[in-house]
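Accompanying notes for the structure given below.
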Amino acid sequence: MNGKKLYISDVTLRDGMHAIRHRYSLENVRQIAKALDDARVDSIEVAHGDGLQGSSFNYGFGAHSDLEWIEAAADVVKHAKIATLLLPGIGTIHDLKNAWQAGARVVRVATHCTEADVSAQHIQYARELGMDTVGFLMMSHMTTPENLAKQAKLMEGYGATCIYVVDSGGAMNMSDIRDRFRALKAVLKPETQTGMHAHHNLSLGVANSIAAVEEGCDRIDASLAGMGAGAGNAPLEVFIAAVDKLGWQHGADLYALMDAADDLVRPLQDRPVRVDRETLALGYAGVYSSFLRHCETAAARYGLSAVDILVELGKRRMVGGQEDMIVDVALDLRNNK
């Protein structure tokens with residue numbers, strides 16, 4: 001660690017959207033953002049779970065627009081930066097400009113781990129706006145460390161000043177994480193930061209985040225009570241407690257985070273965010289974590305097991321954006337019964 005302070009990036013108000021079908025009220029957003037700000041996290045990501053303009057038939061409609069959520073958070077935050085997520089093809093540079101005007105100062109431009117080339121315009125425009133611009137390589141387990149590093153290098157070339165390893169499926173272990181960070185560090189400029197976004201489907205979210213920091217990672221994503229897709233993200237309060245015991249600098253108030261997790265976030269969960277049969281299947285099969293709620297809906301509709309649908313999606317190597325295929329897979333399984 002060399003005494004450097006970790007950058008703590010909270011994702012409760014973006015990835016956490018998946019856990020409650022994108023239904024945060026504006027008051028929920030204000031309360032959670034204020035609690036996070038008071039606890040001194042560095043950034044607070046706010047958007048539909050699938051990023052700017054994710055509200056749709058395919059991904060699920062949000063209770064509010066991205067801009068309403070961003071403005072609600074920006075109104076109460078005094079210290080942290082407001083971040084947002086953009087997936088090229090869903091969000092546009094027009095949406096990015098609107099998010100900037102609403103108060104977002106950090107953007108994570110997210111692509112599948114082999115498709116960094118679709119992010120060039122969005123990264124370049126974010127830099128022109130003066131945003132803290134991050135490249136976000138989703139489903140990082142689906143390519144080799146060497147290929148991931150090549151994609152990271154592309155994003156760096158477009159202007160991203162931080163590149164994330166993103167374990168969207170919660171499918172990686174500590175060795176997988178170490179290999180990917182070593183590969184990135186070997187090709188990126190020394191001044192380019194790296195970040196880790198974990199999911200907890202194999203209960204390794206905190207361990208993988210610690211392994212990333214040991215390999216020189218600068219920024220860590222986490223969420224209150226793990227609020228996120230699948231079994232959730234690395235639980236923020238657990239990660240802070242663990243690294244505090246290691247003597248690492250994080251700048252956050254552990255007890256304030258513990259209170260916010262239990263008092264503000266956990267009561268909102270209509271489906272517990274935890275490792276269970278379905279979320280473990282996500283991690284084991286290497287499936288995009290936000291498929292969980294969609295699969296459970298399809299399973300109920302067609303009289304199937306959500307686990308069977310998830311495992312089949314994993315076999316077919318489905319990735320984020322292919323939510324429409326969940327029903328196709330369910331119908332295939334039903335017809336083959």
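Every residue gets a Cβ built from N, Cα and C, even glycine.
Fair warning: this is a prediction, and the values are worked out from it, not measured in the lab.
From the candidate list D15, D37, the residue Swiss-Prot records in the Mn(2+) site shared with H197, H199 is D15. Of the residues Y284, Y288, Swiss-Prot puts just one in the substrate site with R14, D15, S168, H197: Y288. The recorded positions near H199 (Mn(2+) binding site), taking a 10 angstroms Cα-Cα threshold over the set R14, H18, S168, are S168. Taking the Cβ of H199 (Mn(2+) binding site) as centre and 10 Å as the limit, one finds 31 other Cβ atoms among all the protein chains shown.
Proximity of H18 (active site, proton acceptor) to non-local residues of its own chain (separation of 6 or more, Cβ distance below 8 Å) is seen for G49, G228, A229, G230, S289, S290, L292, R293, given in sequence order. A coil conformation is recorded for S168 (substrate binding site) in the three-state DSSP classification, outside any helix or strand. Other than R14, D15, S168, H197, Y288, the residues of this chain whose Cβ falls within 8 Å of the Cβ centroid of the substrate site are, in sequence order, V11, H18, G49, M138, V166, H199, G228, A229, N233, S289, S290.
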